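Here the structure is laid out as structure tokens; the discussion comes afterwards.
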Amino acid sequence: MPELPEVETVKRGLAPSMEGRRLTRLELRRTDLRFPLPVDFAARTQGRLIVSLSRRAKYLLIDLDDGVSIVSHLGMSGSYRIEAANETGLPGQFHMARSRDEKHDHVIFHLSGPEGDPLRVIYNDPRRFGFMDMVERRHMDRHAAFAGLGPEPVGNALDADYLAFRFKGKAQPLKTALLDQKVIAGLGNIYVCEALWRAHLSPETPARALVNAEGKPVAALEDLTQAIRTVIAEAIEAGGSSLRDHIQADGSLGYFQHSFNVYDREGEACRTPGCTGTVERMTQAGRSTFHCPQCQR
């Protein structure tokens, strides 16, 4: 399932083509994805100006000029592509001429620019695990998808003092604690595995072990915080990771998977300089964890 870097990549790919354009028609080719589409979805969005594209955690937000945002979650296989009648006039660099299977084109945004030039943004989702909803931005924190979300692993909100506050007294394994979206929003399985490897921490370490008696972060928690921020920044720069069905808005694939140090590398040599260990896989809370038991302690 796409994590924060993948959704950020899609947002950046779509923004040049969608921002500042008017939504002349929302074409719905079915009434539901994972959940039913909003009541009067097409009617409520017709004629609205798209003022910006944004992101919260793993959700893409299409912000309209009436204070409402369209919430889009990509699920397991959701992707967007952009089509213009005049390809040479396509804004931005993101374009994919054809979907992999157009029978899975479920939602089509018909847009017009300042000069009336038409453009279509098409949501394709073979498995239909994604969903779309609408939310008033002023009440976004009340929406089920956003209520209680923690800070994101980008910007200045995430620091070691915050994690020490959340981890104090918590016996939960470190990896499980980091996957809690109420602790850090948008952080998923891939990047938790990678950050723990960079910080040389075992995914089974109790979260409370990184907090001292005074409730302050130990040095290892400082290292982990920096590792999280770094791995997310590098993944965004690389365009996310192309696992299973993730695809960027231009039809190309992300390439951070070529930088994986532990994720999906079971049985391969650890890449920590001087370490002779081998990457192993185990299951935690129903998810695969990849780690090096020799240098992650």
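Heads up, the Cβ atoms here are built off N, Cα and C, so glycines get one too.
Keep in mind it's a predicted model, so treat the numbers as computed, not measured.
Residues annotated as active site, schiff-base intermediate with DNA in Swiss-Prot, with sequence analysis given as evidence: Pro2. Counting every protein chain shown, the number of other Cβ atoms lying within 10 Å of the Cβ of Pro2 (active site, schiff-base intermediate with DNA) is 29. According to DSSP, Pro2 (active site, schiff-base intermediate with DNA) is assigned to coil rather than to any helix or strand.
Taken from Swiss-Prot, the feature active site, proton donor applies to Glu3 (among others), supported by sequence analysis.
Taken from Swiss-Prot, the feature active site, proton donor applies to Lys58 (among others), supported by sequence analysis. Mapped onto three states, the DSSP output places Lys58 (active site, proton donor) in coil.
Sequence annotations record features per position, and here Swiss-Prot assigns DNA binding site to His104, Arg127, Lys170 based on sequence analysis.
Sequence annotations record features per position, and here Swiss-Prot assigns zinc finger to 261-297 based on sequence analysis. Secondary structure of the zinc finger (261-297) per DSSP (helix as H, G, I; strand as E, B; remaining residues coil): 0 helix, 12 strand, 25 coil.
Long-range Cβ proximity for Arg287 (active site, proton donor), meaning a same-chain Cβ under 8 A and a gap of 6 or more residues, is found for Leu179, Asn189. Per Swiss-Prot, the feature active site, proton donor maps to Arg287 (among others); the stated evidence is sequence analysis.
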Three-state secondary structure of His104 (DNA binding site) from DSSP?
helix
Inter-residue Cα distance where the pair is Lys58 (active site, proton donor) and Lys170 (DNA binding site), in Å
25
